[in-house]
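**Q** Pasting a structure here, questions to come.
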Amino acid sequence: MPRLFGTDGVRGLANGTLTADLALGLAQAAAAVLTRGRSAEARRAVGKRPLAIVARDPRVSGEFLSAAVAAGLASSGIDVYDAGVIPTPAAAFLIADFDADFGVMVSASHNPAPDNGIKIFARGGTKLPDVVEDRIEEHLHLEKLTPTGAEVGRIQCFADAEDRYVLHLLASLPHRLDGIHVVLDCAHGAAAGISPEVFTDAGARVTVIGDAPDGMNINDGVGSTHLDRLAEAVLAAGADVGIAHDGDADRCLAIDASGRTVDGDQIMAILALGMKERGKLRDDTLVATVMSNLGLKLAMREAGVRVVETAVGDRYVLEEMNGHGYSLGGEQSGHVIMSDFATTGDGILTGLHLLSEMARQRKTLAELAQAMTVYPQVMVNVRGVDHHSVHSDELLRSAVEAVEAALGDSGRVLLRPSGTEPLVRVMVEAADQETAVRMANELADVVRERLAG
């Protein structure tokens, strides 16, 4: 039976694979697993029940799914603070700020509106390790907690959830944004009610698109996966910069004044150099994934910043950061984690600090983005192959080594087998697009030949 939890919680078609029954069951299982710690026991010792935060993005299905989650928790003896529609990083912050035992976010992030998901955070607002998710999944089929009478949980509105998060974001800023004109694309998502307020309070002149969520238009032609509209809006408004969020606002991508995209790698480069200059980049180290652009690594090396690589996924970036106390990490996709202020990727926080660097250095985004050269990166997906043998086939390994030798210090090769299907991703970076395309296709042919299913 396939694992229920994916790389970012449980996701599926709302009311299809992800039903109210499953949401309720997951909440009950989470309650059984996550209330065994000292914090929950200390609450019980003084006559209090364990506490959880529940929140959601504005998808129409989020209403019944979050209600099912809250019901599952309360029926297990957990007091629930319902924060309503807020960004995922806001929920993570509130779990820590309110000293809750854990929390649940109902969102499918950048996925289309018919999908939804359930993401569970541990005490402190951190993502759950795989082993804890496995225990929750096992508990779906075990006996649930069944308190009665005064021992059942209460559900109440978390009335000042947004205000707490907004004040936290503003307090994190090292420099105000006065004089900067920004276009915000809120993806018709969870950022629509918060991001414009925060950027305005920080001093920026704000134009907003994608700020009218109706439950079904989340990520629909807007947000961090659809940057064309934001680029057009930046040019039309004559703005200095554009900031794009995704549906739950845990990502940030940017557009410069000329309409060019500034991706997560470039944002990390800008923030890392600024933090190093201000003495805030712990151990002069940046955590990135194996998919981050070669240009990021070269630029950081030249600036005296060490880059530590992890597997793809912000959870692995965060594990590395937490394990060694690093202060900055992220992904090319725009998940950027600033651990001094957040326990997960925070698109609003990232955008604020990016604009803060523009204001502090009195430079345009295009000027700051010159901190790194973006190498052409070509990805070819090879399907229907034995992906388990990708690192053991000798002739394939020789072909990879030959391409690496030809590229030298001006490129790199990465073969990534899928964890869920017979697919191998062939990625090549080179100094020019033509070389990257040619070598990626050549290697893809070798993969097909050697690993044919």
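From the backbone N, Cα and C atoms, a Cβ is placed for every residue, glycine too.
Found this in Swiss-Prot, in case it helps:
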| type | residues | note |
| --- | --- | --- |
| ACT_SITE | Ser109 | active site, phosphoserine intermediate |
| BINDING | Ser109, Asp246, Asp248, Asp250 | Mg(2+) binding site |
| MOD_RES | Ser109 | phosphoserine |
**Q** For Asp250 (Mg(2+) binding site), name the DSSP secondary structure in the helix/strand/coil scheme.
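**A** In the DSSP reduction, Asp250 (Mg(2+) binding site) maps to coil.
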**Q** Quick one: pull the CA-CA distance for Asp246 (Mg(2+) binding site) versus Ser109 (active site, phosphoserine intermediate), whole Å only.
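**A** Answer for this pair: 6 Å between alpha carbons.
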**Q** I'd like the Cβ neighbour count for Asp250 (Mg(2+) binding site), meaning other Cβ atoms within 10 Å of its Cβ, all protein chains included.
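**A** Asp250 (Mg(2+) binding site): 34 neighbouring Cβ atoms within 10 Å.
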**Q** Within the same chain, and leaving aside Ser109, Asp246, Asp248, Asp250, name every residue whose CB is within 8 angstroms of the centroid of the CB atoms belonging to the recorded Mg(2+) site, in sequence order.
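**A** The surrounding set, listed in chain order, is Asp57, Pro87, Thr88, Ser107, His110, Gly189, Ala190, His245, Gly247, Ala249, Arg251, Gly345, Gly347.
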**Q** Applying a 10 Å Cβ distance cut-off over all chains shown, what neighbour count does Asp248 (Mg(2+) binding site) have?
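**A** There are 35 of them.
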**Q** In whole Å, note down how far the CA of the residue listed as 'active site, phosphoserine intermediate' lies from the CA of Asp248 (Mg(2+) binding site).
**A** 5
**Q** Measuring Cα to Cα, how many angstrom lie between Ser109 (active site, phosphoserine intermediate) and Asp250 (Mg(2+) binding site)?
**A** 8
**Q** Using other CB atoms within 10 angstroms as the count, which residue among the recorded positions Ser109, Asp246 scores least?
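**A** Each of the recorded positions Ser109, Asp246 was scored by Cβ atoms within 10 Å; lowest is Ser109.
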